[in-house]
Amino acid sequence: MESLTAIIVGVLVAASVYLMLAPSFLRFLFGLILLSNAANLVIFASGRMTEGAPALVPEGASAPTGVVGNALPQALVLTAIVIGFGLLAFTLALAFEAYRRLRTLETEEMREAEPVEGGEETRA
Amino acid sequence: MSWLLVFPIAIPFATAVLAYLWRNGAEGKWISLAGSIGSLIASGLLMSAVLREGVIAGQMSNWDAPFGITLVADYLSAVMVVITAITGLATAIYAMGEIEARLERLGYHALFQVLIAGVTGAFLTGDLFNLYVWFEVMLIASFGLLVLGGSKAQLDAGIKYVALNLISTLVFLSGIGLLYGLTGTLNMADLRGAVAAVENQGLVTVIAMMFMVGFGVKAAVFPLFFWLPASYHTPSFAVSAVFAGLLTKVGVYALMRMFTLVFVGDVGFTHEILIWVSVLTMVTGVLGAAAQTDFRKILSFHIISQIGYMTLGLALFTPLALMGGVFYLVHHIIVKANLFLVAGVAQKLTGDTDLNRIGGLYKSSPWLAALFIVPAFSLAGFPPLSGFWAKYLIVMASIELQAWVITFFALLVGLLTIFSMTKIWGMAFWKPHPDGIEPVPERIPAAVRIPMMIPIVGLAAMTVGIGLFPEPFVQFAEVSAAQLLSPTDYVDTVLGVRGMAP
């Protein structure tokens, strides 16, 4: 189970790096989504995988008996998913607004904040 | 006891809610001001408690460490919280003059207070995953502030800023996951023992490098700083001042905390890398600044070069160096925020921030010129201003280690900093305005000018004050460095070995 998760993480990271190297910001954003999922899987796997042992406390007892799954990484992943979702939604909205105003999402052409070298030199 | 730790975070959040509800009227800015004063009082109380007790910790919801979330303040955390509140108050006053009603209606004050809450939370937390959450709070607020107003340059800058910061967050998050897998704990004090007990120290070093990259992007060290000069010159001046003062310093603080408390197993490797990263940061930052002709772009590159000094203090890893690092951190926040505030007034007076298109400030507004000189020369390290003592401590530490190459670069970068500052001085202040405008102070209406000048005067007075009476601050930094280098008090207080109020 762990090795399968490790392979999935590897594939996700590889795909996300490939997407992030693309010149379009939208592709970069998709890469970011994959990377965020890879990070979540890493946390999930680092809590160790336990099959079919939910962290439930039997009735009448005050602590779970026997081996149970680690609930903490799941709580962490849940938090990370929520935060990641918010951030990615913002980034998508930002990308949309940028496309609407700048008429491009090619990162090479986005030079509003940092005008091309030479433009400043000629003014000097 | 634990309430003292909660107030500096809770007050800005409450203020944010109120400021959002009243964002359409004139009340918003006053609510923001009142909240900032409240934060300053709360952080002052926290500071006095820390001075009394050394380290204080509080377990949230009474879940004992290492299971629950711990808030903890030692000398370094306390001083960072106080300086955050001071910067917050200064920019809140400044914003009363600068920020237009249009931006207020979009929720400027609420976002600003959330940013302050996020920064304060990051300084106070004693839990690694909680630190990630505070980073995100800070990040989302800074995204909003950066693009608020929505000019083309801001959107472009926003894309670059968001993209690089999100990658760093994900690297940091993966690092947390792997570290948890290795040690089974997320409490920073508990991690110190747990990490030392790990058999395969090679894995720890790999994770340490992930943290170094994650925090390094936040702190804007070489070669991870490209988001900073791409974005800091685009938002309103109050925003860029608070960004310049605080955001990168959170990264430096996180580096200082993790690489003194947790990752100290292989100092010869990790801190050696950090030394050369710091030197390259200092040099590339200052050379980048030399090539710029925009007021704010020059200042942005100088943030990077100064970050190098702070991480150098950490990297040299001697008591004197860390002391210098802490002193530098505090001094730099005040000075850098102030320089951006001055840039804002200069822009309002002359109509631009491009140094080729402005001028005449010295003749028409000599007071502003005097107030620029103080932080600018402090940044370059002129005695008797605060920057001199900060640089002195770092350079002394490198001489003590007989690291002559580092000493040489630390002094060289100081010299090049003067070059940039004199460039701003010569072009913005001395030469006449190219369009023949006389930038007299009366060009800004008094209702805008007065709130913009109050924080500049206040922060400049603090710079001079620290410079003339450095003794208590140096002593404070010394204790702080001692706490960082042997964090037994920190660990014992958090884990409840030493008697602690629940």
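Each Cβ is built from the backbone N, Cα and C atoms, and glycine gets one as well.
The annotation domain 'NADH:quinone oxidoreductase/Mrp antiporter transmembrane' is assigned in TrEMBL to B:126-416.
According to TrEMBL, the transmembrane segment annotation covers B:6-23 (among others).
Look at TrEMBL and you will find B:30-51 (among others) tagged as transmembrane segment.
The transmembrane segment feature in TrEMBL is assigned to B:71-94 (among others).
Among the features that TrEMBL reports, transmembrane segment is placed at B:106-125 (among others).
Taken from TrEMBL, the feature transmembrane segment covers B:131-149 (among others).
The transmembrane segment feature in TrEMBL is assigned to B:161-182 (among others).
Annotated transmembrane segment per TrEMBL: B:202-225 (among others), in sequence order. Listed as Cβ neighbours of the transmembrane segment (B:202-225) (distance under 8 Å, sequence separation of 6 or more from its ends, same chain) are residues 135, 164-165, 167-169, 171-172, 174-175, 178-179, 182, 195, 247-252, 254-255, 258-259, 263, 265-266, 269-270, 273-274, 277-278, 280-281, 284-285, 303-304, 307-308, 311.
The list of residues near the transmembrane segment (B:298-320) in space but at least 6 beyond its ends in sequence, with Cβ under 8 angstroms from a Cβ of it, reads 219-222, 225, 228-229, 232-233, 244, 248-249, 252, 255-256, 259-260, 267, 271-272, 274-275, 277-286, 288-289, 292, 326, 328-329, 332, 336, 339-340, 343, 355, 379, 390-391, 393-394, 396-398, 400-401, 403, 406, 410, 413, 417, 420, 423-424, 478, 481-482, 485. According to TrEMBL, the transmembrane segment annotation covers B:298-320 (among others).
If you look up TrEMBL, you'll see B:326-346 (among others) marked as transmembrane segment.
Annotation source TrEMBL lists transmembrane segment at B:367-389 (among others).
Taken from TrEMBL, the feature transmembrane segment covers B:401-425 (among others). Here the transmembrane segment (B:401-425) has long-range neighbours at 275, 279, 282-283, 285-287, 289-290, 295, 298, 301-302, 305, 308-309, 312, 316, 318, 321, 355, 372-373, 376-377, 379-381, 391, 394-395, meaning same-chain residues at least 6 beyond its ends whose C-beta is under 8 angstroms from one of its own.
Per TrEMBL, transmembrane segment is recorded for B:446-469 (among others). Counting same-chain residues at least six beyond the ends of the transmembrane segment (B:446-469), those with a Cβ under 8 angstroms from any Cβ of the stretch are 86, 89-91, 93-94, 96-98, 331, 334-335, 337-338, 341-342, 344-345, 348, 371, 374-375, 378, 383-389.
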Quiz item: So, does the transmembrane segment (B:30-51) come close enough to the transmembrane segment (B:106-125) to give 3+ Cβ pairs below 8 Å, pairs being at least 6 apart in sequence?
Solution: yes
| task | Answer yes if the transmembrane segment (B:161-182) and the transmembrane segment (B:131-149) have at least three CB pairs under 8 Å among residue pairs 6 or more apart in sequence, and no otherwise. | result | yes
In the same chain, residues at least 6 away from the ends of the transmembrane segment (B:71-94) whose Cβ sits under 8 Å of its Cβ atoms read 2, 5-6, 8, 12, 29, 32-33, 35-37, 39-40, 42-44, 46-47, 49-51, 54-58, 60, 109, 112, 116, 119-120, 123-126, 189, 237-238, 241-242, 245-246, 249, 253, 256-257, 326, 329-330, 333-334, 337-338, 341, 344, 451-452, 454-456, 458-459, 462, 476, 479-480, 483-484, 487, 489-490, 493-494
Tertiary contacts of the transmembrane segment (B:30-51), defined by C-beta under 8 angstroms and 6+ residue spacing from its ends, are 1, 4-5, 7-8, 11-12, 14-16, 18-19, 22, 73-75, 77-79, 81-82, 84-86, 88-89, 92-93, 95-96, 109, 112-113, 116, 120
